[in-house]
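Enquirer: What follows is a single structure, and I will ask about it in a moment.
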Amino acid sequence: MEKFSDAVSEALEKAFELAKDAKHSYVTENHLLKSLLQNPGSLFCLVIKDVHGNLGLLTSAVDDALHREPTVVEGAAIPKPSPSLQQLLLNAQEEARSMGDEYLSGDHLLLAFWKTTKEPFASWRKTVKTSPEALKELIIKLRQGSRMDSPSAEENLKGLEKYCKNLTILAREGKLDPVIGRDEEIRRTIQVLSRRTKNNPMLIGEPGVGKTAIAEGLALRIVQGDVPESLKDKHLYVLDMGALIAGAKYRGEFEERLKSVLKGVEASEGACILFIDEVHTLVGAGATDGAMDAANLLKPALARGTLHCIGATTLNEYQKYIEKDAALERRFQPIFVTEPSLEDAVFILRGLREKYEIFHGVRITEGALNAAVVLSYRYITDRFLPDKAIDLIDEAASLIRMQIGSLPLPIDEKERELSALIVKQEAIKREQAPAYQEEANEMQKAIDRVKEELAALRLRWDEEKGLIAGLKEKKNSLENLKFAEEEAERTADYNRVAELRYSLIPSLEKEIRLAEEALNQRDGRLLQEEVDERLIAQVVANWTGIPVQKMLEGESEKLLVLEESLEERVVGQPFAITAVSDSIRSARVGLSDPQRPLGVFLFLGPTGVGKTELAKALAELLFNKEEAMIRFDMTEYMEKHSVSKLIGSPPGYVGYEEGGSLSEALRRRPYSVVLFDEIEKADKEVFNILLQIFDDGILTDSKKRKVNCKNALFIMTSNIGSQELADYCAKKGTIVDKEAVLSVVAPALKNYFSPEFINRIDEILPFVPLTTEDIVKIVGIQMNRVALRLLERRISLTWDDSVVLFLSEQGYDGAFGARPLKRLIQQKVVTMLSKALLKGDIKSGMSVELTMAKDVVVFKTKTNSVV
């Protein structure tokens, strides 16, 4: 028989390489032994560990023996197998035949080594005190009835240890986070596991609601003994799909590995429970060219009840993969894991707070926990509690931890001040005049003073860092003592429990309390080690782009004078400006309805009166740039099918994967001004989509994903009823009543929009035609924009009243509003100035004054210092 397992073939190759590298003429059994010991995960080493053999001692003895081997000169022949190695392999083959195996594996080699009289193995074997017969019995037991019938069979022994992680051991070592809440789901899981057949729970829930945590909670309960007798002393293994797939080169190798895991679970006779996270990945795994997938390997064992298995998957994957396979579905008992309530999520965070405080070395306030849950629930709508709230706490704590390690702002400012003084002193030293000597002395005194202040600040910083580091160390020690107390209670070491519970732990808790008080009582602290609600709000703002931080004084002042700011750009529309300003103010202080958008407005009026300009002005005030506005020209949505442009194409159509222009824009920038320009041009189907957005603040796209629209401000513009509006204003004059104006345009609105659409609009705002006084103000606004562009070239621009009068008279048209005015300024002013700049008549540093000469705008220049 010359069939070797993959592991033995690899070991023989390495043995030849070792002999060649060491310039040995023969490959001996010691070279083979050395190569086998270099793979601690091999069957050879695993069996030695099971008989409590000292691998380190054996490795040292083999190294010494190889050093004593004679070497040959350069260019000698390739080393040949020694007679003793050949005899060892023959003995191993005999062991393989006696055990009915087709392939020679590591355990056969170990049995052959066990009978050898060659040193150093013979001397080392005496330290183990295990007979060859006992070793053979152990190997047979270890194999659990499997035979070496393939080259990879050796790799698949001990499949549980190789391809799974033991959660029970991790729980016993204190490496799992505490599982708070979820008692009902854990009890239901235990109930299903206690059944005679089909004892396989399937945890189904959205990502981040705590499915994996339920499995970890079960492992913690098993360790604590808080389970029924049927589950006591059980081991919970989690399947590592990465390890299972990695390195599976040949067809059938993946299935063989999975089979070895299942065999290990079955052979334990109920002592092992297998947890498969993302169980849907097994459906279809390994299935090529009509071969069975991995899920089919599970079915027989699941049906018999010999395999205790807990699965976990999301609702979508369960419907997509598991429900399609009815035979697999009926072998699992579904347990639905719902998202916890806000109160339960806060309760979960309280349980995890200590772990995060110890890891980051910070203090997390109760307010921060509440803020993390409430703000994540309101603003991060595409994820689920408690995962998103835990992530907020973790990121906020890491931000504080990073700041503790960075240079505090007061020290940074002092260092900059010191650098500036030293540079100034060096400049003064270069001046030889006696008059500068006194100034140099004063400068030296200032440098000495700043150095003293900097030294004092650094000393305070070092002290605070030391206190925080000491506090973190004490909290770590406290956690270790609490873990030791639990361990002692499990092993019934009650003397140790009493010592820890009533002496060591209270003493350390008192030290921590005193250290925290000492840290809090320090005046003028340089380091902030507390995570509060303001920091949580900052992290939410960084994630979503929604400014949810508590309003700063500057922002409050800006919102109070919002009307004045808007009136600087939009003239003659007091109704619209007041209504929009009130909506934004109520939203920013948190008093608006959280289940609806910030505001839904319909701007009605003739063209060129400032409807679109007001939307642009809002975007600039809220986001500091006009481009932040999401604008849709509704003339592009006149066909019935064009609704797919907004929410995405349906499945099977071109562009399905790309998403919709509205849904994707709001997903990326949920806090936006959304403008639907000329809404009356859109098809009726578009209005049906908008109903859902305006009422619930939710948009469902073509992929059934919900997009949060509750932080957006929606503005629609329309020309409906503009003629009636113009006629009414012409009769009544400039001062008009808003309700009276709306009553004029109401019939036209009802003819075009459905009642349910009108009912969802917060306010319909009429834009009245502009008066002559309004046009004069607009001339000033437009001319100021031209002047600002020239100021960038260091050119000052002024104009007299005659220019304003000419432009306002020539640029106003009742039918077109203020738009012709912009074109007139472009033709009469901007074009003239552009030509003068190109000719060199106007240069940088000049002042330009515009005036009228025979109905033509002309300019005068004079040289002036313009900054």
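Using N, Cα and C of the backbone, Cβ positions are placed for all residues, glycine too.
So Swiss-Prot says this about it:
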| type | residues | note |
| --- | --- | --- |
| BINDING | Gly205, Glu206, Pro207, Gly208, Val209, Gly210, Lys211, Thr212 | ATP 1 binding site |
| BINDING | Gly605, Pro606, Thr607, Gly608, Val609, Gly610, Lys611, Thr612 | ATP 2 binding site |
| COILED | 390-524 | coiled coil |
| DOMAIN | 1-145 | domain 'Clp R' |
| REGION | 340-545 | region 'Linker' |
| REGION | 555-769 | region 'NBD2' |
| REGION | 770-867 | region 'C-terminal' |
Enquirer: List only the single closest residue to Gly205 (ATP 1 binding site), chosen from the binding-site residues Gly605, Pro606, Thr607, Lys611 by CA-CA distance.
Expert: Lys611
Enquirer: In whole Å, how far is Gly210 (ATP 1 binding site) from Pro606 (ATP 2 binding site) when you measure between their Cα atoms?
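Expert: Approximately 56 Å lies between the Cα of Pro606 (ATP 2 binding site) and that of Gly210 (ATP 1 binding site).
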Enquirer: Report the member of Gly208, Gly605 (the binding-site residues) whose C-beta atom has the most other C-beta atoms within 10 angstroms.
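Expert: Sorting the candidates by Cβ neighbours within 10 Å, the top entry is Gly605.
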Enquirer: Going by DSSP, is Pro207 (ATP 1 binding site) part of a helix, a strand, or coil?
Expert: coil
Enquirer: Take the region 'C-terminal' (770-867) and average the pLDDT across it for me.
Expert: 77
Enquirer: C-alpha of Gly610 (ATP 2 binding site) to C-alpha of Glu206 (ATP 1 binding site): distance in Å?
Expert: 46
Enquirer: Taking every protein chain shown into account, which of the binding-site residues Lys211, Lys611 has the largest tally of Cβ atoms within 10 Å of its Cβ?
Expert: Lys611
Enquirer: Taking the Cβ of Thr212 (ATP 1 binding site) as reference, which residues of that chain separated by at least 6 in sequence fall under 8 Å from it?
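Expert: The list for Thr212 (ATP 1 binding site) reads Asp277, Ala312, given in order along the sequence.
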Enquirer: Look at the binding-site residues Gly205, Gly210, Gly610 and tell me which residue has the greatest number of other C-beta atoms within 10 angstroms of its C-beta.
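Expert: That would be Gly210, with the highest Cβ count within 10 Å.
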Enquirer: By DSSP, what is the split of the domain 'Clp R' (1-145) into helix, strand and coil residues?
Expert: 88 helix, 8 strand, 49 coil
Enquirer: Using a Cβ-Cβ cut-off under 8 angstroms and a sequence gap of six or more, which residues of the chain neighbour Val209 (ATP 1 binding site)?
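Expert: Listed in sequence order, they are Val337, Thr338, Glu339, Pro340, Phe384, Leu385, Pro386, Asp387.
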Enquirer: Find the one among the binding-site residues Gly605, Val609, Lys611 whose C-alpha lies closest to that of Glu206 (ATP 1 binding site).
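Expert: Answer for the nearest of the binding-site residues: Lys611.
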